[in-house]
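Q: Can you keep this structure in mind? I'll have questions shortly.
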Amino acid sequence: MARQVRPAVVLLGLLALAANLRAALAGYPPLIETVRGELGISAGAAGLVQASAVLMMAVGSFVGSAFGGRFGRERALGVSVGMVALGSIARGCPALVPLIGGSLLIGLGIGLAGVLLTGVVKEHLATRAGAATGGYVVSMMIGATVSSAAAVPIATALGGWSFSLAVWAVPAVLAVVAWTPVVRRMGSHDRTAPRPRLPWRDRFARQAACYQAGTSLMFYGWLTWLSPYYESQGWSAARAGLLLAVWSVSQIPAALLVPIFAERRWRWRFWSGITLGCGLAGTLGAMLLPQPPVLGAWLWVVLMGIGAGAGFPLGLSVIAWRTPDGAASAATSGLALGVGYLAAGLGPLLMGLLIDLTRGFPAAIAMLLAAGVLQGLAIWRIGDRPPPGRARPEPDAEPDGTAVTAPRLAP
């Protein structure tokens, strides 16, 4: 029999699980040249390792709601992070086949978990969906930042790149252990309950998918090509890498705070438009004036970071707000994230082709601007409708939602 789980326990467990959803992937790029040298593989083969993981994230997103319906979202979430741990262990074998195989397993686990997290938030933390979503996205970002910064030192300390990749199985296992009390309190899962299908015919779900496609393409496009772009502008590799770090760090406050602001009075469209405007301004500025006289490229990078940091949690938050229950939330986020990860996997590859064909970056950056336009159209169509069963507070409402009326003056 299911027992009530305290929201604080659920939130802490989610933060621990989410910290592992980018750490395993972020630890690989700093080691690419070392891996290529030791395995004797081409740049294309080295890139396939990461691309295969991102494309499997799309597969996991598409099947995540059915997976959660079969085993229960809480239990399935623990299993998905366990896949990340197993994939990390597999990548500890210094050969190309286990490296790609482990990446496929990691990508599948991340894709499943991304869908299930949204459903769990809707089920247990619906009244604080914006704060909870922003919190676990920030946890993902912190995990990725630590992993990328520690990858080379860990490889040096432990004696090889394979150990550096495998070590991320440890925090994943610890997170699954920390999540176990939540699974136990939920009791047995009703396997006869109807399993949600991907809502391809639902207008809001399609709009959310277009939004995620735009924000994912912009995020992964700059993640892949920001440093090479500024190296083409004459920056050293170390300085261009620092620029990428600033881009990553500037995402954290935006991811944590903007969804909370948007949740107040349900002004999702306003805050989504503001953050998208920041991202587009930074992208356009980087293309037209890569090194402005005031603040230099750092200004563009911070603006892009604000857009990238807030875009992902805002897309998940509006799904949690606008869907009626956890099953619908998981199904809608599965469709949206699946489409988004397809864009994330294919977009940077198309950008690379444009860079090769045009022998420059402007056409590739224009592709990111087009993705921003797609995201903007989705923002406009989604709008600011409040969650089911909750009315939009009046402008002069008290914090508890009670309207304030001015006293009438006697004539």
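Even glycines carry a Cβ here, placed using N, Cα and C.
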Q: With TrEMBL as the source, which of 10-29, 270-289 is set down as transmembrane segment?
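A: The listed stretch tagged transmembrane segment in TrEMBL is 270-289.
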Q: May I ask you to check whether the transmembrane segment (103-121) and the transmembrane segment (39-64) make contact, with contact taken as at least three Cβ pairs under 8 Å and only pairs 6 or more apart in sequence counted?
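A: Judged by the Cβ rule, the two regions touch, with the required three close pairs present.
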Q: Are the transmembrane segment (76-97) and the transmembrane segment (270-289) close enough that 3 or more Cβ pairs fall under 8 Å, when only pairs 6 or more apart in sequence count?
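A: Answer no: the transmembrane segment (270-289) and the transmembrane segment (76-97) share fewer than 3 Cβ pairs below 8 Å.
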Q: Residue list, the transmembrane segment (161-183) vs rest of chain: Cβ under 8 Å, 6 or more residues beyond ends.
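A: Distal contacts: 5, 9-10, 12-13, 16-17, 19-20, 23-24, 27-28, 31, 34-35, 38, 72, 74-75, 77-78, 81-82, 84-86, 88-89, 91-94, 99, 102, 143, 147, 151-152, 154-155.
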Q: Against the transmembrane segment (333-355), which of these stretches has the most C-beta pairs under 8 Å: 39-64, 295-321, 361-382?
A: 39-64
Q: Under a criterion of three or more Cβ pairs within a distance under 8 Å and sequence separation of at least 6, are the transmembrane segment (237-258) and the transmembrane segment (39-64) in contact?
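A: Counting Cβ pairs under 8 Å, fewer than 3, so no.
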Q: Cβ pairs under 8 Å only, please: of the recorded stretches 39-64, 76-97, 204-225, 295-321, which one is richest in them relative to the transmembrane segment (133-155)?
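A: Going through each listed stretch, the top one turns out to be 295-321.
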Q: Under an 8 Å Cβ to Cβ limit, what residues of the same chain, 6 or more beyond the ends of the transmembrane segment (76-97), are close to it?
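A: Same-chain contacts beyond the flanks: 17, 20-21, 24, 28, 38-39, 41, 45, 60, 64, 67-68, 70, 103-110, 112-113, 116-117, 120, 160-163, 165-169, 172-173, 175-176, 179-180, 183.
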